[in-house]
Each structure stands twice: as structure tokens, then as C-alpha cells.
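Data block below; observations after.
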Amino acid sequence: MTRSSHGYQWHEEYDGATVAFMIIGAAMVFFMVPSLGFIYSGLARRKSALALIWVVLMSTLVGMLQWYFWGYSLAFSKTAKNHKFIGDMNSFGLRNVYGKVNQSDAYPEIAYAGFQMMFMCVTLSIVSGATAERGRLLPHMVFLFIFATVVYCPICYWIWSPGGWAYQWGVLDWAGGFLEIVSAVAGFVYSIFLGRRREKLLINFRPHNVSMVTMGTGILWFGWLLFNSASSLSPNLRSAYAFFNTNISAVTGGMTWCLLDYRSEKKWSTVGLCSGIICGLVAATPSSGCITLYASLIQGIVAGVVCNFATKIKYYLNVDDSMDLLAEHGIAGVVGLIFNALFAADWVIGMDGTTEHRGGWLTHNYRQIYKQIAYIAAVMAYCAVVTAIICFVLDIIPFVKLRVSEEAEANGLDEDQIGEFAYDYVEVRRDYYEWGVDTDNMHGSDNNHDTDTETDDIITNSQQNNHLHKETDDKQTHHVSPTSDVTADTYIPTSSSSITSNDNINVNEKSVQPEETELTPQPPHDNTNSD
């Protein structure tokens, strides 16, 4: 850098392809954040659908702010080379984080800081799924800021900073198996402190939008390809190899989980397919730049089987891990790290032209197994203990209580925490004839008509619809009514028993008779049963 009469000029030269590769990689990792929001939102009930998108996106904002202040400095400080456990505050506010750290670097340090920032944002986004349907949003943001500082940054320093003990010990963790483990363990511990959702409010529970889950998984897979391959920090043979490893693991993981679900349900579950794909991707995160291609094929199968059965852990421990964070992220991350010990090859690790490592058992480095296991144990134990301390302290402070009230849970987080709704203008009724008579005629009727006229119109319309319904073979009708039109005089709610049984009723056997019609005014909303 030189200074002239007109200002400063930078004269460092970088490899353009490397810089572009890192920036695009960072953008693709960020693209994974909204995909997590779509997945969580689709898996929840519609009355809390928007809150989960909000909490995932806001967690990213909190993470970026923390990373700017001191997150990067604590994780990658240049002046903390022998601290072993955590960096220092020398780069607070990204001070002096500009160009090359070493003359041999092909990229500026600010590009690396931005790339690593997105990894932490994804971690916080995964953790935020623990708030599903019962967690207050503001206290969770406070929790995430503290968590990023005292949990994520130290562990990141252990493995990715040259001064970290795991880095110096030779632990293999390619693109961040630790971040999958810490997000899962933290989410599981957070769920313990939140407590279970109210059982009486879980009547007829099912994911409200599986299409959204599928779309989110597709976007997540797309971003994950650069999440793993760009961890080489340059476009080289190792990054291309990691790309292929990631795909193979995701493919076999998705197939395996889907087959296991078919074995028990005799249905090809879309949610199961998405869960298996995610498990394969998670397992590939620490291993895709270290193991062989055939090992990735085996890894996906193992991750699919192990993680599928690991979903039972939450039931044994009586923890409402609503998004299966422990099974799909934590256990899958452990599988990937163990596969590094078994199938890592020195010739795969050396594909970037700079890294030297003896690999794992495949290349006769038998000591790698205990290093990987010790690293896994250290990450899980440290994360669990510190997360529990943070949750305990926050939950005893009145204004940052972690959980909403029972009334707020019944109403849904969209109403209680957001004040906006994912489905504000339309309500879809699953079975038209289970809800009684058609009230569309009432919605459009003249207010000057008397009650008797309206009643006659409703009964006539119901009889016409019954006749039409009998002529339509095995065709389910959906009743869509604008919520703005539903009033106390027109809304006829259903009972919880009819909701839970409507999937098993043949609609051709159910009709509404005029004498059974009840027009007693009812409240406009029944939050307990509608979701």
C-alpha cells in the first residue's frame, strides 16, 4: 500500500479465480439460510409457520453482527497463534483485516472473514429451529449472540486456526463437522429448557406444508455443494472431489432413509426422503475433502440408517426436539468425523497441492481414530455444558424467559410473537362435508335479508351441493373462505374428532342433511383444533 497526494493505493496482487470462488462460495452458503427457514416452516403447523422463517433469518443478522464485532477475532486472530483454545480481540471490528496475511496467500483476509462468517450464520440458523411453536424470539436472539461468542468461536478456533489444539493435533474436519454437532447439541439442550409442547395442543399434528420442506431441501442441497467444495479456498482438484463426494453421500442417504420409512409405513415419504438427503449432506461436511468416493457411498447408507433410528432418542429422553436436530445434524456429523478416521486417504487430502496429512485407517494411520473420537467428545461436552449454563441464566431473568405462555402457544407464534401470518387471507378446509353446510351464500348475501331467508338459502345450497357431490366420483372438494369474511354469525367450526378422522372418511359416504344443520353463532377462531 502506498500513499500519494490523492490518497492511498493498494498494490497487492491476488488470484482472481480464487477470490471469485470464495465470494461465490460465501453467497451460496448464505443461500442455505432461507432454505432452512422453509424447511422448519413447512414442518411446523401453519399458526407458527412465519415465526420460524423470521427466527432463522434474524439469527443470521445476529450472527453477522457478532462476527463483525469480535467473532472473527476470537476465532481467527492473527496474534493468538499459541493460545490453544480461543483467539484474542486484536481484530475487534475487523480492525486490520484487509489484505494478505502471508505473502503466499492468493486471497485477501477480508474475503476469508466473509466466507467463514456465513458458516457461523448457518450454525445459528440450525439452532433456531429449537424454538418451534413455543420459544420466545427476543430471548433466543440474546441466547444466540452469547452462544456464538462462548461456544462457536472457541471451537472454531480449536480446529481451523493454526493455534488451535485440534488443528495442531491433526484432527480431520474438512468443512465443519463441529458446527453440525454444536448446532444439534445446542438445539437439543435448548429444547430441554423450553420443555415439551402442550400435548393437548398437538391434536392432528402434521407438517403443514411438505412442498415447502421439499423446496427448502433442494435449495439447501444446492448451497451445500459450494459449502463443502469451496472449503478448499481455491478452485482445484480437491474442491471438485469434495463436490462429488457431497452428492454421492446425499444420494445414498436419501434413498436409505426413504426405504427404511417404507419398511414401516408402506408409503414413500417425502419428508423421509428430505431427511435422508440432509443426513447425507451433513455427514459429507467433515469428510467430503478427505475420504474416497466409494467411502462416501457407504457413508450415506450408514448415515441414513443410524440417523433414522437416532430419531428415537428424543422419545427415550422425553425431549421435544421438534426438528430432529440431534438425529439429523448431530449424529450425522459424528458419522462423517468417524468416516474420516476410517476412510481418509493421504492422496485425497493432498489434492489441493498444499496440505499434507497421513489420512486414516485406509492409508494405515491407525492413530487417527482416537483423535477423532476425542475431538467429538470435547466438542459435544463443551457445547452441552456451556449451552446449559446460558439457558439456565437467561431463563431466570424475567424479561428474557425462553418460553411463551400456554395461551400464546395455543394461538401460535405468528399471532403472539410476529403479529403477521403466513396464511392471513385464506383458510383451506381439508374436507368440505366434514365442516357442515356451504356458507359462501351467507358471505355474499344482502345484509337486508332476514335470518329466515338466509337459512333457506343455505339449506338449498347444501342440497344442491350434496347432489353434485354424489355425481362426482372420489373427488375431494376443498372449501376456501376468506378469513376477512368469517364472522361470529357465519362461522361454523368443527370438532377435534372430525379433524383427526377426516383423512379416513370416504367423502362420498358423508353428506349434510337440512335437518342436521345448526346455525348457532360460534366464535370466529378455534385455535386449539384448527391446527
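Cβ coordinates are placed from backbone N, Cα and C, and glycine is handled just like the others.
Copied over from TrEMBL:
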| type | residues | note |
| --- | --- | --- |
| COMPBIAS | 468-477 | compositional bias 'Basic and acidic residues' |
| COMPBIAS | 490-506 | compositional bias 'Low complexity' |
| DOMAIN | 20-423 | domain 'Ammonium transporter AmtB-like' |
| REGION | 466-531 | region 'Disordered' |
| TRANSMEM | 20-43 | transmembrane segment |
| TRANSMEM | 50-70 | transmembrane segment |
| TRANSMEM | 110-130 | transmembrane segment |
| TRANSMEM | 142-160 | transmembrane segment |
| TRANSMEM | 172-195 | transmembrane segment |
| TRANSMEM | 207-227 | transmembrane segment |
| TRANSMEM | 239-260 | transmembrane segment |
| TRANSMEM | 267-285 | transmembrane segment |
| TRANSMEM | 331-349 | transmembrane segment |
| TRANSMEM | 369-394 | transmembrane segment |
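Listed by sequence, the residues of this chain that lie at least six past the ends of the transmembrane segment (20-43) yet keep a Cβ under 8 A from its Cβ atoms are 49-50, 52-53, 56-57, 60, 107, 111-112, 114-115, 117-119, 121-122, 125-126, 128-129, 132, 207-220, 222-227, 229-230, 233-235, 239, 271, 274, 322-323, 422.
Beyond its flanks by at least six residues, the transmembrane segment (50-70) meets 30, 33-34, 36-38, 40-41, 44, 89, 92-94, 113, 116-117, 120-121, 123-125, 127-129, 131-132, 135, 137, 140-141, 144-145, 148-149, 412-414, 417-418, 420-422 of its own chain at Cβ-Cβ distances under 8 Å. Pairs of Cβ atoms less than 8 Å apart link the transmembrane segment (172-195) most often to 369-394, out of 110-130, 142-160, 207-227, 267-285, 369-394.
Stretch with the most C-beta contacts under 8 angstroms to the transmembrane segment (207-227), considering only 110-130, 142-160, 267-285, 369-394: 267-285. For the transmembrane segment (369-394), the list of distant contacts is 139, 142-143, 146-147, 150-151, 154-155, 158-159, 166, 169-173, 178, 181-182, 185-186, 189-190, 192-193, 330, 334, 337-338, 340-342, 360-361, 400, 402: same-chain residues at least six beyond its ends, Cβ to Cβ under 8 Å.
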